[in-house]
Ligand SMILES: O=C[C@H](O)COP(=O)(O)O
């Protein structure tokens, strides 16, 4: 099980210390869960300082697909690596809708997964809007996003890159709304993604962790994590509350 905190454009230095301390106080109970925290980029060094010696994966919320150069405000894979980052979110719905990221998702994913050393894990985010769900095009949308995202990765070397790929299903209508997909709704899409991955990548597709994101909290996490194809969660708002986030991580241990 994976539990990943995405602070988005929230948090501060004090929250780094508070969340690190909350996780540390329960680390013996949380051994079986892979935990990652993605703070805003400017807080990455603070996370390194307060939690770098713990077994918490340091994550970034985005990466630029270019190696270096005149890309004001962006962060390359190398810069993130040097800051201690070993996991990066790609194609989050907020990046897609507010910053036009969808056409860059395939290049970003290829940039991250083609580099094997130092190894970086990519969390590819996919999900349908409320209108797309109402129009019963959820599976069409998800399939198109997956197809496009993986289009620059060679199948011939799938064993080399797929072990560093995680997919997060985040229905846009559930993000930050307090309306969570029911466990059955989430499982239905996760099962679809699992089938798609297995058809495309054969046995390798069965090993890619599938996370659910969208208004996960300490109360609903257990039921979601109990579903067969849900391998953890990508947590936004609740990750800003150290106790709630630790409780979600604890729910993941009970679903192992
Ligand atoms: O990356 C996290 C997701 O967008 C979920 O956010 P949320 O838990 O605030 O709904």
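Here the Cβ of each residue, glycine as well, is placed from N, Cα and C on the backbone.
Model, not experiment: these values are computed from the prediction.
From the candidate list 32, 195, 215, 255, the residue TrEMBL records in the substrate site shared with 6, 7, 8, 176, 236, 237 is 215. Summarising the environment of residue 215 (substrate binding site), the number of other Cβ atoms within 10 Å of its Cβ, over all protein chains shown, is 20. The binding-site residues examined here are 176, 236; by Cβ neighbour count within 10 Å, the least packed of them is 176. Same-chain neighbours of the substrate site beyond 6, 7, 8, 176, 215, 236, 237, judged by a C-beta within 8 angstroms of the site's C-beta center, are, in sequence order, 10, 175, 235, 238, 239, 240.
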